[in-house]
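**Student:** Quick one: the structure is below, questions incoming.
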Amino acid sequence: MKGVKNICCIGAGYVGGPTMAVIALKCPHIKVNIVDINEERIAAWNGDDLDQLPIYEPGLKEIVAETRDRNLFFTTDIEKGIEEADLIFISVNTPTKTYGKGKGQAADLKYIELCARKIAEVAKEDKIVIEKSTLPVRTAEALKSILENTGNGVNFEILSNPEFLAEGTAVEDLLSPDRVLIGGDNTETGQAAKNALTEVYANWVPKERILQTNVWSSELSKLTANAFLAQRISSINAMSALCEVTEADVDEVAKAIGMDSRIGAKFLKSSVGFGGSCFQKDILNLVYIAKSFGLQEVADYWEQVIILNDYQKRRFADKIIKESYNTVNGKNIAFFGWAFKKDTNDTRESAAIYVADYLLDEQADIIVYDPKVSKEQIYADLEYLNTHSSEEIRARVKVVSSPYEAVEKAHAIAVLTEWDEFINYDWSKIYDAMLKPANVFDGRNILRKEELSEIGFKVFNIGK
Ligand code: NAI
């Protein structure tokens, strides 16, 4: 196959945007078009103010500044993008189904299917189509069938190239990935397609880190990776509950076990629970797949990771209520952080949403400060749950643009995201502004407890 000169990526989101920006940076000889149906998102990617890109990731705006309109283009002209491309990445969202069969567990593949049908309609020459979205095992087969049966008689090779970046460190992860995984057929044309994509990554990734597998291993590896990562968090969070009743300290336990090279130190930080668009959705998807193959025990095993995570969020909210003399009715609870983790403006499945929802059930007043999340996003997240009316949410939840404003006459502070800036606030000033006793619930175990206790705060941690 001839060298790749033109790439199209369908989906300008948290994965498509940063991934293609890095490809454009490292492959100046390749033209990269990122296309999306969302006009507002594309306009934001093309905006003059690089601080207003639709996605916040450290290091991203610098790369966009260098590559945009050089060999990186953001457009809503999906047809043209597809027509020009040698390689087409599909990087659209694959949320959990909210209706019909598999509701609440299976991945909703409608956006993927729409992309396949569009590619089939538009493509006039052979193309390599790459699943970048996280998909259930054997989706490539379905894609192939749509492309072959509705297309213009051109040949499509389908590859699976799941993305392992983590939000907040996306650019770093993309620049030096632990590995790049490329799954495809072992036929002659399949191998040529895998090699063509390998050559793109080889512009900056050492070849020994580029793994080629069959397409199903690749699809399943992504779900497995997320299941294992989330399982570590639920495992340490389970221990955090035990630590709290035994006077063990979860951070000490995590350190002690993490030094065992068979276990390793990463992903052992206990917290209010994991969030993000992927872990829950991908594990539920795994559960659904296992069930649909009749593997009930396998499904139950992985589902427990989610059950434990829900328990952890609930436990945190319950702790706030219990330590507030068993009622938060009409009390001001300041939330530090709303994003699902630091260094991102992504709030999907953030623990903050669920903790806020539980506290709203108890008629608390919530004042939120997050350095990167907009007011409208916070309201939208709560409204999406459909458990409280829009009027109630807007009456009870206030979103402010300074932490000091958030704590004015607050009964308690709950730390929901581990933003670094929270650690170095003027905590004496915060103490003075709050009602007493001034309770701090550190859902991320990031604050300097001793210092805060000396000021007068009562600090509650996870797993201590
Ligand atoms: P996202 O929701 O940020 O972006 C998806 C984009 O696709 C949206 O802008 C949407 O408008 C666009 N889109 C949907 N249907 C379209 C269509 N038919 N034509 C053109 N554009 C369309 O989603 P995100 O977070 O980028 O995730 C994409 C995929 O990558 C998902 O499958 C996710 O599981 C996976 N993934 C996400 C990671 C993350 O950290 N967010 C990490 C690794 C994988």
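A Cβ is built for glycine as well, from the same backbone N, Cα and C atoms used for every other residue.
Whatever TrEMBL says is automated annotation, not expert-curated.
TrEMBL feature annotations, pasted as is:
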type	residues	note
ACT_SITE	Cys278	active site, nucleophile
BINDING	11-16, Asp36, Arg41, 92-96, 133-134, Glu167, 278-281, Arg348	NAD(+) binding site
BINDING	163-167, 222-226, Arg262, 269-275, 340-341, Arg444	substrate binding site
DOMAIN	334-449	domain 'UDP-glucose/GDP-mannose dehydrogenase C-terminal'
**Student:** Please tell me which one of the recorded positions listed here (Gly11, Asp36, Asn93, Cys278, Gln280) sits closest to Ala166 (substrate binding site), measuring Cα to Cα?
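**Tutor:** Among Gly11, Asp36, Asn93, Cys278, Gln280, Cys278.
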**Student:** What residues, ordered by sequence, lie under 8 A Cβ-to-Cβ from the residue listed as 'active site, nucleophile' and sit at least six positions away in the same chain?
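**Tutor:** Result: Thr134, Asn226.
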**Student:** If you run through the domain 'UDP-glucose/GDP-mannose dehydrogenase C-terminal' (334-449) with DSSP, how many residues end up as helix, strand and coil?
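**Tutor:** Looking at the domain 'UDP-glucose/GDP-mannose dehydrogenase C-terminal' (334-449) with DSSP, the answer is 46 helix, 19 strand, 51 coil.
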**Student:** Of Asp36, Leu223, Asn226, which binding-site residues come close to ligand 1, meaning Cβ under 6 Å from one of its atoms?
**Tutor:** Asp36
**Student:** Closest of the binding-site residues to Tyr14 (NAD(+) binding site), Cα to Cα, picking from Leu223, Ser270, Gly273?
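**Tutor:** Spatially nearest to Tyr14 (NAD(+) binding site) by Cα position is Leu223.
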**Student:** Taking each of the binding-site residues Ala166, Leu223 in turn and counting other Cβ atoms within 10 Å of its Cβ, which one has the fewest?
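**Tutor:** Across Ala166, Leu223, these binding-site residues, the one with fewest Cβ atoms within 10 Å is Ala166.
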**Student:** Of the binding-site residues Asp36, Asn93, Thr96, Gln280, which sits closest to Glu163 (substrate binding site) by Cα distance?
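**Tutor:** Given the candidates Asp36, Asn93, Thr96, Gln280, the nearest one is Asn93.
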**Student:** May I ask you to report the DSSP-based helix, strand or coil state of Thr96 (NAD(+) binding site)?
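**Tutor:** Its secondary structure by DSSP: strand.
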**Student:** Do me a favour and check the Cα-Cα span between Gln280 (NAD(+) binding site) and Leu223 (substrate binding site); whole Å is fine.
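**Tutor:** Checking the Cα atoms of Gln280 (NAD(+) binding site) and Leu223 (substrate binding site) gives a distance of 11 Å.
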